[in-house]
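Report on the following structure.
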Amino acid sequence: MKPRTRLLSSVITVVLAASGVGAAGDLPATAAPTAPVSKYVALGDSYAAGQGGGGYLDGCLQSPNGYPALLDAVKGINLLRNVSCSSAKTTDVTATQLSALNRGTTLVTLTVGGNDLNVAGIAAVCVSADAMTCSNAITTAGSLLGALAASLADTYAQIDAAAPKAHTIVTGYPYLFEPSTTDPLINQLNGATLLLNQNIQGAVAQAQAAGADIEYVDVAQAFSGHGIGSTDPWIQMAGPDAFHPTPAGYLAYSDAIRAAL
């Protein structure tokens, strides 16, 4: 190489090095794309709020052990609003909770329907009253299933309208008791929960058919072996939190939802 050419080459090398550019093919690495963060809103009743989990934050009995808080701790999920509240029915969700949603919401969870049928009240009656009273309470709940189906359908449609970019996850409920070979009332109660879950799942299927981005997540299987009467119950058995999940139960809820994401 001639001296003049060699000098020019050296100058170019110094300039490229100073600017951070190497030889051809040695381009700066680009950062990997960042996964989008779900903008999450939690709706629903006491099972959504986390009643039974303890450490309550407000009058709605929202718990740091509830599944919304557990999901918020997951990378990629940002809980923007938790408006779930103990005792909420479907009509409470549509009347007071949907204002938390907007077009920027990308993830919604919902557990609701149990209070429309007074499931916890029925369970309380059935563990303290005679068999006939229990059976009548279950029959009364069954007569409300038709109205519940319509109310659920309306709730899902309103969620879809309020948050059109959101993926909505609707959960069912666990069986409160371990199946029994000696107490038919326990099996009747679990049968009522099954009907409730089927009703919820059916309404979700109808919403899907109408074009909603909505999904049903079953939790009954996750609680198998952990109902009241088991050696390791994940359902509170007494006190004001009776018939609600324990912290371990809410972890099972969270795991089931995460598996669906």
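Just so you know, glycine gets a Cβ as well, placed from its N, Cα and C.
Note: S46 (active site, nucleophile) has non-local neighbours G52, L61, S84, C85, S86, S87, A88, N115, H244, i.e. same-chain residues 6+ apart with C-beta under 8 A of its own C-beta. Annotation comment: TrEMBL describes S46 as active site, nucleophile.
A coil conformation is recorded for H244 (active site) in the three-state DSSP classification, outside any helix or strand. What TrEMBL records for H244 is active site.
Secondary structure at C60 (disulfide bond), taken from DSSP and collapsed to helix, strand or coil, is coil. Counting only same-chain residues at least 6 apart in sequence, those with a Cβ under 8 Å from the Cβ of C60 (disulfide bond) are A49, S84, C85, S86. The annotation disulfide bond is assigned in TrEMBL to C60-C85 (among others).
Sequence-distant neighbours of C126 (disulfide bond) (same chain, 6+ apart, CB under 8 A from its CB) are T133, C134, A137, I138, L185, Q188, L189. DSSP gives C126 (disulfide bond) a helix state. TrEMBL lists C126-C134 (among others) with the feature disulfide bond.
Residues or ranges marked as domain 'SGNH hydrolase-type esterase' in TrEMBL: 42-250.
Per TrEMBL, signal peptide is recorded for 1-23.
The domain 'SGNH hydrolase-type esterase' (42-250) scores a mean pLDDT of 94 in the predicted structure. If you count neighbouring Cβ atoms within 10 Å for each of the recorded positions C85, C134, H244, the highest count belongs to H244.
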